[in-house]
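Each remark here refers to the structure printed beneath this line.
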Amino acid sequence: KVWIIQLPNVSTILGTNFWSLSPYKQGRIFEKLGICKEVYFIRTLLHGIPPWNDANLFIEDLKFAKVSVRVYHPKVPSAGQRRGVLYLHGGIGQIGSIGMYERVCRFIARRSDSVVVCVGYRLAPEHPYPTQFWDCLTATVHFMTTAEDYGVDPTRIIICGDSSGGTLAAAVCQTLVGRTDLPKARAQIILYPFLQGVDFNLPSYQQNGSVPLLLKKRTLTLGMQYLNKDVSLMKGILEGSHVPEDLKLKFSKWLSPDNIPMEFKIRGYKPPASATYSKELHTLAKPVFETTFSPLLAEDAIIRQLPETFILTCEYDVVRDDGLLYKKRLEDNGIPVTWYHIEDGFHGALFLIDCGYISFPCAKRAMLNVVNFIKGL
């Protein structure tokens, strides 16, 4: 006997309005129906359509000490060794992939005439935090020690990342300052990065809490899932109840809204009410104070050894002020910083570079600034 099973159309089950919902809402519906976890749905949806073959680049998939990478090498012969760019993708440790960032990495490789390595670090929840950091560090160390095999000058390696990939890039750079057995990173490029889990009431969180693509509550929900923590902790963390007084005092010199220029408070800012400290919440939320999750909390002794830095911020982005605060910390410690602010930008805009009609002009402007910075190194 032959059995023919006809599966119902998703729209029939969920209604025609399903496809008008945000990917996160769609994912939550799939999870509640028992079809798949929300994060798996979003991964599939955002993986995107791969671009055409690029006649200007050699592209190969490799392993750097068991970590998956994709290497983009310009075909045009070079008179000498090229710059190397390690790209650590975003996705809050759960969503991104090499394929998702194919266009971004091709753009950088072509426009800057650099060898680009995109790191396919393992994702949570299958591989719990901080696996993502260790994979990125492992791939970086491997590339630094074998750079010449790829025609790259080991003294001109740039570590780059966007969103949570910017978190990883900053954390990797901080870790490398203590490695005397490796060449120093030439620069770090951090693009609209998440850099601290202490204060979720900075001006940018208040102003952009409901602005797509990264909503305030969504940021913390994904952050808790990344750390394998119960999302019920979110309310107390949003209020700041996870931070004891001694740490508030210590971090205030780095995270104070007073360190943010007044021009970024014009759209509104109200100092939050003092939160009641919860020792239990602090214990449960301890990973948010680790510099692999919150690089902005690193000590000055580390910060002052960091390489030249490019920071990109977007006006309509909840983590805008993380970038502004890190910029100030770096400059206060004598680190040269090139800063580019997209006044009409939003979180995740770069992901749509070179996507035809759905590309955003602000993404092209931002990426050209990144490329110009790389070419100047």
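Using the three backbone atoms N, Cα and C, a Cβ is placed for every residue, glycine included.
Listed in TrEMBL for this protein:
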type	residues	note
ACT_SITE	SER163	active site
ACT_SITE	ASP317	active site
ACT_SITE	HIS347	active site
DOMAIN	85-230	domain 'Alpha/beta hydrolase fold-3'
DOMAIN	289-349	domain 'Alpha/beta hydrolase fold-3'
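Note: the domain 'Alpha/beta hydrolase fold-3' (85-230) comprises 64 helix, 26 strand, 56 coil (DSSP; helix = H, G, I, strand = E, B). Across the domain 'Alpha/beta hydrolase fold-3' (289-349), DSSP classifies residues as 22 helix, 19 strand, 20 coil. The Cβ neighbour count for HIS347 (active site), using a 10 Å radius over every protein chain in view, is 25. Averaged across the domain 'Alpha/beta hydrolase fold-3' (85-230), pLDDT for the predicted model comes to 96.
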